[in-house]
Amino acid sequence: MSTLRLLLSDSYDPWFNLAVEECIFRQMPATQRVLFLWRNADTVVIGRAQNPWKECNTRRMEEDHVRLARRSSGGGAVFHDLGNTCFTFMAGKPEYDKTVSTAIVLAALNSLGVTAEASGRNDLVVKTDSGDRKVSGSAYRETMDRGFHHGTLLLNADLSRLANYLNPDQKKLQAKGITSVRGRVANLVELLPGITHQQVCEAIQEAFFSHYGERVDAEVISPDNTPDLPNFAETFARQSSWEWNFGQAPAFSHLLDERFRWGGVELHFDVEKGHITRAQAFTDSLNPAPLEALAARLVGCQYRAEVLQQQCEALVGDFPEQEAELKELSAWIAGAVR
């Protein structure tokens, strides 16, 4: 019986693909070597310890229907579209070795006519007249008895969108998370015009088979053809939940400030696990009571635009004379935290 397993995803859903990855990693036999090839439609994927409000322009992501997905490995934030090919290598210990999987990807690129090399801990680069250009980034995860190496290859990604979603609004945001490093990148299509996801996947598969000296049939998976994986439904539900993607953010503080015709407002929030643990309101308004009441109401709430907006609008019943101000405040808060 082969010790290899090859999975190909037909789904562009990042939550589906990451749930598949998680289930296989947890349940694979320690003697198995797994290759999983996949790609995501418009998604910002953040590292396990990152703060989405710090790393991402969450408001623009919402406007453009870009998903947020938190992975289980560390590292920085990346933007995925269908111009990225994603790969995951898994193996039990002591065989797990990220240098082996890196060598397989480099061999695949070489077979396509691209000479690349490893740079630092996480990247693959090609040398150009303008210097090294990054074509692949990776992240890793290890447990007591197994490990995985996953990463992306830039084929024909819309690089202009990296800045759209990975550069947050310039807010007074202080955080304890990890800040992403955004280096010079290049698409493989610049070196190999017409290169496709299918060609890259086939090259990686062949390099995988060649390294281990055996072959195996691919398992093609999709939401309509889900793999037989115990607890997959529960894993997918967690992977797609707000509590995982946003609520797992490291503790941070956020300061919002704005001047309205009726006065200036400062809101100070301390947020842990996606919930407000402390809220303070400061204002030079002649009627500060609604803001003081709002600060008290927000403690314990999820740090979500719609939740904060609802809490603000709920105060209209207590302060009907300030209805116009509260509605204006509500709209501003909703926009500021998205």
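Any Cβ shown, glycine's included, is placed from N, Cα and C.
Features of the protein shown, as given by Swiss-Prot:
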{"type": "DOMAIN", "residues": "29-216", "note": "domain 'BPL/LPL catalytic'"}
{"type": "BINDING", "residues": "Arg71, Gly76, Ala77, Val78, Phe79, Lys134", "note": "ATP binding site"}
{"type": "BINDING", "residues": "Lys134", "note": "(R)-lipoate binding site"}
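Structure with Swiss-Prot features highlighted.
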{"residue": "Arg71", "record": "ATP binding site", "DSSP class": "coil"}
{"residue": "Gly76", "record": "ATP binding site", "DSSP class": "coil"}
{"residue": "Lys134", "record": "ATP binding site", "DSSP class": "strand"}
For Lys134 (ATP binding site), the number of other Cβ atoms found within 10 Å of its own Cβ: 19
Which same-chain residues, if any, lie at least 6 apart from Arg71 (ATP binding site) yet have Cβ under 8 Å of it: Leu18, Val45, Ile46, Gly47, Arg48, Ala139, His150
Residue among binding-site residues Gly76, Ala77, Val78, Phe79 with least C-beta crowding, 10 angstrom cut-off: Gly76
